[in-house]
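Enquirer: Attaching a single structure in structure tokens format; questions to follow.
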Amino acid sequence: MAAIAMLRALRNPSFSSFSPPRVPIRCAVSRFISTLVVAEHDGGSIKPSSLSAVEAAVAISRENSISVLLGGSGPNLGKAALHAASSHPLISQVLVADADILMHPLAETWAELVHLVQQKGGYSHIITASNSFGKNILPRAAALLDVSPVTDITEISEPHLFVRPIYAGNALCTVRYVGKDPCMMTIRSTSFPLHSDLAEPKSDAATISQVDLSTFNEESFGKSRWLKLASQDTERPDLGNAHVVVTGGRGLKSAENFKLLEKLAEKLGAAVGATRAAVDAGFVPNDLQVGQTGKIVAPELYMAFGVSGAIQHLAGMRDSKVIVAINKDADAPIFQVADYGLVADLFDVIPELLEKLPEKK
């Protein structure tokens, strides 16, 4: 077709220029897509947020070659590798970096690991979840690779076209990545839920390979060191993955009153959350914070007690399926996003709920 157009241009002066037929860019690019998912594991299993990152990799292209990167040491690392290999049918390879220095997610060590694996693998995309693990590692790894990451993605339209929230979730921005490979991104795990057919492990497991760490200089990581992990021992579900979340705000007034909320959570089989104001006041530890600077949740049921509904908090829970708000102030902003609202004193409502709700079986 291009040759015919050239002949026409030579024979007819009115044809001042010609252009070759266009090839669909998306189809051509998809053939060369390969994605590295930087995954987090705990207790021998891949965390749901990392499996959501795999779902995001699938959304880039069905022809995507997906590799999962795991780091750490000990028997749990091997168990996590087996779990990752059978967790999704489109995972083609599991890369295992076995080193004691990778036991904890320090940005310096893990960013260098990502840099090392990218140099050997030449991936077109690198994805991780937009949680404390991913937010800690990816920016430093992107700096080592001299690329600009795209963060907190909620939708993938094309291999290099994404949607992400801005202004604390009050607007959505469409971003086209035009930099060099790899395209590095963090995804909001609540926007890429796991499919129900992935609950059972697959028989055709992906291959598991060891990462060559012979050039990994552990002596150069002296700027930071791991001290300790402080977490609460509780039988309640994890806040980021719970189906029901009950959240308290400054209206609870004290840490002692938060125990009422914990009793309600036990009856509902729910996770407990808190606003930044409640965390800053010392009512609860900061790992329970929901919001723009805390955890992003999207449960089936979200119950907010004494929560005013600041824009930063709404950014972390507005995707919840059903939102129930209890507040004395009828003009509280939380009622604008709530499906059900009750203008009442939470110290009257919570005891009544505890009295009428049956015990969890």
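Glycine residues also receive a Cβ, built from the backbone N, Cα and C atoms like all the rest.
From TrEMBL, here are the annotated features:
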- Arg250, 275-276, 289-293, 306-313, Asn327: FAD binding site (BINDING)
- 35-220: domain 'Electron transfer flavoprotein alpha/beta-subunit N-terminal' (DOMAIN)
Enquirer: So which one is it: of the binding-site residues Val307, Ala310, which has the fewest other Cβ atoms within 10 Å?
Expert: Ala310
Enquirer: Report, as a single number, how many Cβ atoms besides its own are within 10 Å of the Cβ of His313 (FAD binding site).
Expert: 28
Enquirer: Going by a 10 angstroms cut-off between Cβ atoms, which of the binding-site residues Gln289, Gln292 has the sparsest surroundings?
Expert: Gln292
Enquirer: Limited to the domain 'Electron transfer flavoprotein alpha/beta-subunit N-terminal' (35-220), I'd like the whole-number average of pLDDT.
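Expert: Per the prediction, mean pLDDT sits at 88 for the domain 'Electron transfer flavoprotein alpha/beta-subunit N-terminal' (35-220).
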Enquirer: I want to check the contact list for Arg250 (FAD binding site): same chain, sequence separation of six or more, C-beta distance under 8 angstroms. What comes out?
Expert: Thr275, Ala277, Ala278, Ala281, Gly306, Ser308
